[in-house]
Amino acid sequence: MKQAGFPLGVLLLFCVSYVTDFSLVLLIKGGALSGTDTYQSLVNKTFGFPGYLLLSILQFLYPFIAMISYNIITGDTLSKVFQRIPGVDPENFFIGRHFIIVLSTVAFTLPLSLYRDVAKLGKISLTSTVLTTLILGIVMTRVISLGPHIPKTEDAWVFAKPSAIQAIGVMSFAFICHHNCFLVYGSLEEPTVAKWSCIIHVSTLVSVFISILFATCGYLTFTGFTQGDLFENYCRNDDLVTFGRFCYGVTVLLTYPIECFVTREVIANVFFGGNLSSVFHTIVTVVIITAATLVSLLIDCLGIVLELSGVLCAAPLIFIIPSACYLKLSEEPRTHSDKIMSCVMLPIGAVVMVVGFVMAVTNPQDCTHGQEMFYCFPDNVSLTSISVSHFQLTTPFSVLNLSIFQ
């Protein structure tokens, strides 16, 4: 919402969700037309080895970058949770983001990622969904109790902003699940295109509903001050949000293994003919997670990670490749609705990918990682310390009493 402009952001969110829904069904249709059961084999049969190699790189990079972003979120959120424990020194090494990332990796994400069957993560996914609902409730509560006390930026309600392309990249990152759709499709008891379509329609509808609520409530609360990680905006002494951070951290930990499954499958297909022995299964998993952990220890700004992953990996996986495969495989007439939509998605995906990358590099998001926002220190805020050009005051600073965070 911050990057696109609030009204346009809402419209784009619905558009990206529709394209996601359409392309997920299109992929399975392409698999049925080509007699393939993986994304890689579909592209290999359609465009040969060059296409297979390009897809393998994208299909590895997206979940790998997602794993990095999940580690960043885990370190950011859980470190603030532990800082709220009475008697704990905020500077203590053992509650720092680096230690928490390593500990959570060794204790939780690595053991869960060592499973060989994605279906075994079903109960974990249900837990993650329940926690997401709790987090949404907290964000909705704070838009009412906290939002009126935070100044609104001057451009808070403009219809559109030049960085809307970057917003599409972030939204694509949020919605993409194409890299593991064949895994999930294969885990169904009776996999059919009709059954898959029904599941995708319901899942996408629920996802866009939750995303709209999150985005709207978060943006209405913080407007132009919104960070790439929304929980970075809330004050550390907010106990309700501290509970939300804990739920958020757990949700991310439970989602992490699914991304690891995909990266491991790509490596298995490319280098090991699709099958990994128990020993190589463990070795490959450990190497992937170790690499993701090391990178996440060096990067602490989530926004740029989401943007670059969205425009470079998510855009081609959602917009370009499914459409190209279907157009080449399908024998339907050119006026068929699926072909028309595919022809529209291809150029849009290319524009988002190229322009989004250029803008993400030349106009990166601001990142205030680890810093308390100015409204968390009402007694120390002065009008001279904050640029009026960035926002207009809609509420006197005197009302910014810490009681609103309790």
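Numbers here mean position along the shown chain, with the first residue as 1.
Glycine residues also receive a Cβ, built from the backbone N, Cα and C atoms like all the rest.
The feature domain 'Amino acid transporter transmembrane' is assigned by TrEMBL to 1-360. The feature transmembrane segment is assigned by TrEMBL to 6-28, 49-73, 93-112, 124-144, 164-186, 198-222, 242-258, 279-299, 305-327, 339-361.
Using a Cβ-Cβ cut-off under 8 Å and counting only residues 6 or more beyond its ends in the same chain, the transmembrane segment (164-186) has close neighbours at 1, 3-5, 8-9, 12-13, 16-17, 20, 23-24, 27-28, 31, 37-39, 59, 62-63, 66, 118, 196, 204, 207, 211, 258-259, 261-262, 265, 306-311, 313-315, 317-319, 322, 351-352, 355-356, 359-360, 363, 365. The transmembrane segment (6-28) and the transmembrane segment (198-222) are in contact, since at least 3 Cβ pairs between them lie under 8 Å (pairs 6 or more apart in sequence). Below 8 A, the CB atoms of the transmembrane segment (124-144) and the transmembrane segment (339-361) form no more than two pairs separated by six or more positions in the chain, fewer than 3 in all. Most Cβ pairs under 8 A with the transmembrane segment (279-299) among the ranges 49-73, 198-222, 242-258, 339-361 are made by 49-73.
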